[in-house]
Amino acid sequence: MNQYVIAIDQGTTSTRAIIFDHSGAIVSSGQMEHEQIFPKAGWVEHDAAEIWNNTREVIASALSKANLTRHDIAAVGITNQRETAVVWDKTTGEPVYNAIVWQDTRTQDIVDELSKDGGGDRFKQKVGLPLATYFSGTKIKWILDNVDGAREKAEAGNLVFGNTDCWVLWNLTGGVDGGVHVTDVTNASRTLFMDLETLQWDEEILGIFGVPRSMMPEIKSSSEVYGTVHTSQLLRETPVAGILGDQQAATFGQAAFETGEAKNTYGTGCFLIFNTGEEIVHSKNGLLTTVGYKLGDAKPHYALEGSIAVTGSLIQWLRDNLGMISSAPEVETLAASVKDNGGVYIVPAFSGLFAPYWRPDARGAIVGLTRFVNKNHIARAALESTAFQTREVLDAVNADSGVPLTELKVDGGMVANDALMQFQADILGVPVIRPKVIETTALGAAYAAGLAVGFWKDLGELSSNWSEDKRWEPQLDQAEQERQMRLWRKAVTKSMDWVDEDVK
């Protein structure tokens, strides 16, 4: 009995439930994609009701495949796409608008307006983040300002906000029938509203945004029992005991618990997190300061993060928008058929540029095209753009920390691509290491939940679960490395200053 932990991984493109055993191995999983809604250029939405329905389906699927019941599950952990904002009516359980996704850029006017008084970094010392469309705060304000009746309902105390962790937890624990309205410190640190030192909502910033305090969930640690699954659900009476935003969860799943350890997750975007321990480090090089994790009553661990908006989604774009490939894995075959990129560089600034530039005026660019270039070169350039962007973030981490990283742990869907991982090692000049369990995001959430209920006893036990699967050593000489980075940086400059009054 109680031999397993289940993690709900509510991601940007799909929702998964993964069951882990005590060794951290995957026992079974269920997965369902949800619709990507693009009402206008720059707008990205999800149907929150669809996400909740899918969550129930994937839990059932994972249990069924392993022939398990709720009696076999010690705890539930939740991990999620961060920043994606859901606002719902707590009396009906209905969202007042679609979830506005982290990639969405519709709130640029709000960012510009708020930046007039004190600049884009006016809140950064307190919350660790620049003013940007990326974070939840501007999305909540947009919903209150633009959805009929939303502000009135919010001020009457009927509307609540949560990222998708909070939305799933609220529904899982009963919804309108006593659902728990809680988030953890890692998700709260991505709203623009949480004070990094007090780990509480900042009343002054909420006031500036015009967001009622009553909308905000209670902030708790990443590893404690928040409540139990409602009696109407398959996992009824199972404790929900861990929540981590997806990138922090991946860091935790990689057992990067010590100061100076880092990981890079390759998914829809790329996210490099560098553990700074109990110290809050403010970046001078375009990185975010965020909460890494907090276990129960222990002190929080902080991190520097380099967030890259578009990596894996560039491959989706080649497939879905251009029809250049019919499945994502094809891109590796095409890329491997040419010896280099043919002089082509792709800067996938579909939503502007995130770290380390923070340039919302940038848009996607393909540069260096000649008659010689074919689709194989384009495929290679698409993969290489992920590695180039990661190198720029790693350079920023090294500059901020003063201690150059000697290796990079990697995870996420794209790390199955050997060609990309080799090029990543080449362009970084340090070894790249893939663990045996690459589902580190879900594993991190499972670990947080399991620790809270005593399924695992301490971090040492989790560290002993980690094992290396493959390592890529750099094979490119430094002169060629720097030549390619010089051309990449030149390409990046070509993507900037595109958006103005004529081009939105």
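Each residue's number is its place along the chain shown, starting with 1.
Glycine too: its Cβ is placed from the backbone N, Cα and C atoms.
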If I go by Swiss-Prot, which of Tyr134, Tyr226, Tyr293, Tyr302 binds glycerol at the same site as Arg82, Glu83, Asp246, Gln247? Tyr134
Need one residue: from Thr12, Thr13, Thr15, the one Swiss-Prot lists with Arg82, Glu83, Tyr134, Asp246 for sn-glycerol 3-phosphate. Thr12
List which of the binding-site residues Gln247, Thr268, Gln316, Gly413 have their Cα within 10 Å of the Cα of Thr12 (sn-glycerol 3-phosphate binding site), in sequence order. Thr268
Can you count the other CB atoms that lie within 10 A of the CB of Glu83 (sn-glycerol 3-phosphate binding site)? 27
Residues near the glycerol site, Arg82, Glu83, Tyr134, Asp246, Gln247 excluded, by Cβ within 8 Å of the Cβ center? Gln81, Thr84, Trp102, Arg190, Gly245, Phe271, Ser307
Of the binding-site residues Arg82, Glu83, Tyr134, which one sits closest to Gly413 (ATP binding site) when you measure Cα to Cα? Arg82
If you count the other CB atoms within 10 A of the CB of Arg16 (ADP binding site), including all protein chains displayed, you should get 24
